[in-house]
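Student: The structure that follows is given in the form of structure tokens.
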Amino acid sequence: MSLLLSFYLLGLLVRSGQALLQVTISLSKVELSVGESKFFTCTAIGEPESIDWYNPQGEKIISTQRVMLQKEGVRSRLTIYNANIEDAGIYRCQATDAKGQTQEATVVLEIYQKLTFREVVSPQEFKQGEDAEVVCRVSSSPAPAVSWLYHNEEVTTIPDNRFAVLANNNLQILNINKSDEGIYRCEGRVEARGEIDFRDIIVIVNVPPAIMMPQKSFNATAERGEEMTLTCKASGSPDPTISWFRNGKLIEENEKYILKGSNTELTVRNIINKDGGSYVCKATNKAGEDQKQAFLQVFVQPHILQLKNETTSENGHVTLVCEAEGEPVPEITWKRAIDGVMFSEGDKSPDGRIEVKGQHGRSSLHIRDVKLSDSGRYDCEAASRIGGHQRSMHLDIEYAPKFVSNQTMYYSWEGNPINISCDVTANPPASIHWRREKLLLPAKNTTHLKTHSVGRKMILEIAPTSDNDFGRYNCTATNRIGTRFQEYILELADVPSSPHGVKIIELSQTTAKISFNKPESHGGVPIHHYQVDVKEVASETWKIVRSHGVQTMVVLSSLEPNTTYEIRVAAVNGKGQGDYSKIEIFQTLPVREPSPPSIHGQPSSGKSFKISITKQDDGGAPILEYIVKYRSKDKEDQWLEKKVQGNKDHIILEHLQWTMGYEVQITAANRLGYSEPTVYEFSMPPKPNIIKDTLFNGLGLGAIIGLGVAALLLILVVTDVSCFFIRQCGLLMCITRRMCGKKSGSSGKSKELEEGKAAYLKDGSKEPIVEMRTEDERITNHEDGSPVNEPNETTPLTEPEKLPLKEENGKEVLNAETIEIKVSNDIIQSKEDDIKA
């Protein structure tokens, strides 16, 4: 607008021919924030000789780096960089023409201060328990409104009177604690400008150290190279620094002291007497310090100085010495490790061979007439009220060689190699040699004689080639304690002598069990088996039967009934077969009737019972058949009989009654006659759950659910069909009406359907004829008054056969539950379902 006015005035001057001087400034009033920059343009219309700027103090402005002047023809630009409060005021732009006439224009510059946070420190730290003042210096023009927020909530709204905003806008927290730690927001607002700014200040609460010393008293043993670790842990915030002091002096790590875990562990090494006393642990951080002391008590623990292994000879004398020191002087005890027997000063063993003698810190264990059982480990224990020390030694007893095995007699024969073992124990170990007479074995030209060592044994392997190899052999064992020898004899083995005491212990028509006693001599070689020869008296040929191993009992089978046999027994070893025993004669039993059969039974499937026949005495002739008679016990019915082939091992009784008791007699028959009957009684179980035991037995859950759904659908279909025929309603009737448009009831047969009198039979099926009647339609039987079926168009001309059941009162009735109706060749036949077999 001012620019247009200038051009307008310029036009007037040109038009009037006069050059009047006019000055304008682009802005008349400006608000500027401290630190911002701004420029102003002054335009002089006319013929200005100069254009100058004057500051609010009236001083002519000279261009500087911060306040800069730029002239462009009739324009002069004043630029103020980084304005401050002192720059506020009225600035004048003055133009001067050649005649010295001046014109000026002014601009008002207002400087305001934005929200300014000065020297805001974060984090700010305080000591727990003190009254804290969180400093936040904020200024602006006009003065700001300051608020504090903690966890996005103004502290003035927190229900804790420990928080308050002071007049200097600082936040006061009384009795500050660790839970007050966090980030606090100092927020300033200038309502006039809608200006807002904030600073987040981290508040840290320092907690003075608190020392935790799990153990304050320690015991240690001096001058034994031991070490002791003192533990000092401290809590606090920030983590405290731990230092150890001894006699007021700071402990530093060296050969004596080891510091670990940020000085939480002090290890005192190579403890000596002067290391005893107090050790002070001091913990320090910004919030303060804490200290506690631990006490190290140094003792001289028992220590065994002298204990060494000893060696002695069998039947000799030895003294075991144990010396120990300590403060107080320890007591010394001995323990024999092999049996745990303890020996103290003055003790003696029951046999008087072992005795303990002792004096100040020294104990001696005396053993006389040393036995091999005295060898082994001995423990010496030195103990006092402050501890103990234990060491072990070994008593080694040397002795001359001893032969372990008592077997000195061996048997073999020519061509049969044998090993003779010389088992020797000795301390120190012995050297073992085999000799025959004075010849050291093995010798030249004795390839059939070999020796080899296996552990402490020296094996002599002999493969006899002649009688000269049988005889005496000598095993000699030698160590520095002595020499021992033992003689071994190799005898020529023989076949066993004859068994004796042969007798028959069991006899039947076809088998015989014999027993006998072992022979008095096995010939020097173990018996392999026994051979039993058997033949008929009139026969020349012996049949050979071998025993199972060395059993002295043999069963002869496949014999002929009522026949006389001869038997003899011989023992067989590696050398061969021995002499036979004397011949024994026996006669098998004649063929006779079989013995009563042995049986046991169990319920079978359905209404049947299974009787199993165990193997029995058939009397010497095969069983031809079993005659089975059975009847119910409850009603004492007539006996029912069935026959089973003799080669069967079980009998099945069928068509029995549930929960009924039965009596059974079973007789076995062979070609000579019948056995005595075996009587057996049993009771049938109750009737099972048909659905559970038949339909669902072994089916999975899915199959059972499927069957249930199928059954439900079947019930719905049957119900709908019944409604169709009886009530002329239901889904099927609805479909029929829709398809046919009228009821299917015009025939005489439909009329009978409505009256419920017609019977229906499925084409080609074997399902029973089902007759429908109303309740009042009954025809009485002329004989017993029972209802009978009224003839109709579907009734067969022949009456069905009825099998009556007899009740206890003798009256014959027709039980509906026992009738099974079948259709065959257009004739209905009825029969009883539960027929007694």
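Cβ atoms are placed via backbone N, Cα and C, with glycine included.
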Student: Which one of THR311, THR780, THR794 gets the tag phosphothreonine in Swiss-Prot?
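Tutor: Of the listed residues, Swiss-Prot records phosphothreonine for THR780.
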Student: In Swiss-Prot, CYS232 is paired in a disulfide bond with which of CYS186, CYS281?
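Tutor: Checking Swiss-Prot, the candidate bonded to CYS232 through a disulfide is CYS281.
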Student: Can you check which of SER26, SER76, SER421, SER765 Swiss-Prot annotates as phosphoserine?
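Tutor: Annotation hit in Swiss-Prot: SER765.
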Student: Can you tell which of CYS42, CYS136 is bonded to CYS93 by a disulfide, based on Swiss-Prot?
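Tutor: Checking Swiss-Prot: disulfide partner of CYS93 resolves to CYS42.
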Student: How long is the line from the C-alpha of ASN219 (N-linked glycosylation site) to the C-alpha of CYS186 (disulfide bond), rounded to the nearest angstrom?
Tutor: 58
Student: As a test of the contact definition, list every same-chain residue at least 6 positions from ASN177 (N-linked glycosylation site) whose Cβ is closer than 8 Å to its Cβ.
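Tutor: Result: GLN128, GLY129, VAL205.
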Student: Quick one: of the disulfide-bonded residues CYS42, CYS93, CYS322, CYS422, which has its CA closest to the CA of ASN445 (N-linked glycosylation site)?
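Tutor: Sorting the disulfide-bonded residues by distance from ASN445 (N-linked glycosylation site), the top entry is CYS422.
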Student: If you measure from the Cα of ASN474 (N-linked glycosylation site), which of the recorded positions CYS93, CYS281, ASN309, CYS380, CYS422 is the nearest?
Tutor: CYS422
Student: Counting across all protein chains present, how many other Cβ atoms fall within 10 Å of the Cβ of CYS322 (disulfide bond)?
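Tutor: Result for CYS322 (disulfide bond): 26 neighbouring Cβ atoms inside 10 Å.
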Student: In the three-state scheme derived from DSSP, which category covers ASN406 (N-linked glycosylation site)?
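Tutor: Looking at the DSSP assignment, ASN406 (N-linked glycosylation site) belongs to neither helix nor strand, so coil.
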Student: According to DSSP, which of helix, strand or coil covers CYS93 (disulfide bond)?
Tutor: strand
Student: Which number gives the other C-beta atoms within 10 angstroms of the C-beta of CYS380 (disulfide bond), all protein chains shown included?
Tutor: 23
Student: In the structure shown, which of the glycosylation sites ASN406, ASN419, ASN474 has the fewest other Cβ atoms within 10 Å?
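Tutor: Across ASN406, ASN419, ASN474, these glycosylation sites, the one with fewest Cβ atoms within 10 Å is ASN406.
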Student: Do me a favour and check the Cα-Cα span between CYS322 (disulfide bond) and ASN309 (N-linked glycosylation site); whole Å is fine.
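Tutor: Just about 11 Å between their Cα atoms.
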